[in-house]
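**Student:** The domain 'Pyrroline-5-carboxylate reductase catalytic N-terminal' annotation in TrEMBL covers 31-116. Here TrEMBL flags 259-403 as domain 'Ferric oxidoreductase'. Residues annotated as transmembrane segment in TrEMBL: 216-238, 258-281, 302-323, 358-384, 396-414, 429-452.
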Amino acid sequence: MTGQERSEEKSECVSLSPMMEADPALPESERVCVFGTGDLGHSLGLRLLQAGYGVVFGSRRPHSSSRLPHGAQVLGHAAAAQSAHLIFIAVQREHYDFLVPLANQLKGKVLVDLSNNLRKNQYPEANAEYLQSLVPGAEVVKGFNTLSAWSLQNGPSDANRQVYICGESAEAKEAVIAVATKLGLSALDRGSISVARELEDFPLQLFPQWRLPLRIAIGLSAAFFFYLLIRYVIYAYVTQGKDISFRIMVSLANQVCPIVSLIMLSLCYLPGVLASFLQLYRGTKYRRFPNWLDRWMLCRKQLGLLSLGFAFLHVLYTLIIPIRYSVMFWVTEHTVSLIRENRTTEFDTTTAWRSDSYLSLGILGFGLYVLLGITSLPSVSNALSWREFSFVQSKLGHLTLLLCTAHTYLYGWNRFLSSSTYKWYTPPGYMLCLVLPSVVLLLKLLLITPCVDRTITRIRQGWERGADQRNPKDSQPLIP
C-alpha cells in the first residue's frame, strides 16, 4: 500500500473512531442507529446517509469496523443506543443476547427488526416477538426484512420498492414509515406484531406465483413428449424396424416446445373469456369469481412468460435444422439420387405459398410474442398508461394467439385428410394443441360481437341486470 493510499484510508476512517460522540448538530429525529456492521447493515447505513440521515453504527468491536460508509460513526452498543431514537437491528436472532444488558438505554426507543430465518417455523415465536420479550420497554417494529443488501444498494430505481411493517405502536410505525418514504420505498402497514411471523416467511417463499404455471408446463411437456415418442420413435421401430431415436434430441423437442407454447398462451386468455361469460350470466360485476378462476387469472403473467420461453426454444431448434447431420445427409442423398436417375422435380406454387405463409405468420406471431413479454416487465409496464397496457396485453395478445394458431394450421395444411397421419389411430400432436386456442378464439369472437360487447361494457361500468326493475325511478329519463 502506498503512502497516499494509507492517508486516504486514514481520512475515511476518521469518522469511525469509537471515541467519537454522535453529531450534536443533527436533531435526534434526523439521526438513526444501526446495530450490525455486516452486508445488510452496511447497505442500509449507506442508503440512510444518501437520504440525509446521520448514521451511528453500534458494534461489539468498534475498533475493527473500518469498512463502513464514509460519513458514518461507529460506537459501542451502549453509546450508540443513546444517540438515536430509531434503531435498526441488523443482526441475526442468535445474537440478540447483547440487547438484554441494554434494556435501560433502549427503553422508549423504536427497534426495527430486520432479521429472517433459514426456514419456516424455525422458532416457536417470531423473531420480532422474541425481541420484544427481551426488551419490553422498547417499541419493536418488524420491517425492511424483505429487502436484500443488493436491493438497498441499488437505490429507488430498483423494482423492489415495497416494504412491509407491523408492530403494536402506531407512533413507532409512523416513524418507520417516514424513514422508508424518505428512502424512496413504499411502506405497507400489515397490523400488529402478531403478523411478524408472516412477514418473516415472505423471503422464504420460492416463486409462489410460479408454482402452478411451472406444474402445468412440466405436465404438458412430459405428456406430449411421451405421446410423440410413442407415435414417432416407437411406432417406427415396431412397424418398420427403424431406429430413429436420434430424433429425440432435436426433432421431438422441436415439436413439444411449440405445442406447449401455444397451449399455455391459450391458457393466458381463456380465464378472461370465462370471466366475461360469467359476468354475462350473473348480470353483475360485484360478485366474486370462484377461487379457482381467481387464482388462474392471477398467474396469467407467469403462464405467458413460460409460453414465451417455449417459443424461444422452438425458434432456436428451428434455426439449427440446416446444420444437423441427419438433415445434411438426407439432402445430399436426395440430390445424388436425382442426379443418378436423371430426374427433376417441378416447382409447386401452392406448396411455396403455403410454406412462405406458414413461416411469415410464425415470424409475425413470435415478434408480437416478444412484445408481450417486454411489456410485462415492471420497468416497461410502469411507463405505460392503463389503456396502453390493456391494448398490448389484450388486443395484441389475442392477435398473437390468432397468428400462432394460423401458423399451426398452415403447418398441418391438408395432412388431416391422409390416413397415414393417424399412426396407431392417434392424431398428431399439432392437431391436439389446436383445440384449445381455437375454442378461445371462437369464444372471444362471440364476446366482441356488438350486442354482447355492449352488454359486457355496461356491466363493467356498474350496470346490474334487474336494477332498473328494482329502482324504476332511476331508469326514467330526465325531462328538462
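Including glycine, each Cβ sits where the backbone N, Cα and C put it.
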**Student:** Please count the residues of the domain 'Ferric oxidoreductase' (259-403) that DSSP assigns to helix (H, G, I), strand (E, B) and coil.
**Tutor:** 120 helix, 0 strand, 25 coil
**Student:** For the transmembrane segment (358-384), give me same-chain residues lying six or more residues beyond its boundaries with a C-beta closer than 8 angstroms to one of its C-beta atoms, as numbers and ranges.
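**Tutor:** Same-chain contacts beyond the flanks: 159, 265, 301, 304-305, 307-308, 311, 315, 392-393, 396-397, 399-400, 403-404, 406-407, 410-411.
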**Student:** Per the definition of 3+ C-beta pairs under 8 A with sequence separation of 6 or more, do the transmembrane segment (429-452) and the transmembrane segment (258-281) touch?
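**Tutor:** With 3 or more qualifying Cβ pairs, these stretches touch.
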**Student:** Quick test of the contact rule: Cβ under 8 Å, at least six residues beyond the ends. What residues does that give for the transmembrane segment (302-323)?
**Tutor:** 209-210, 212-214, 216-217, 250, 253-254, 257-258, 260-262, 264-265, 267-268, 366, 369-370, 372-373, 376, 397
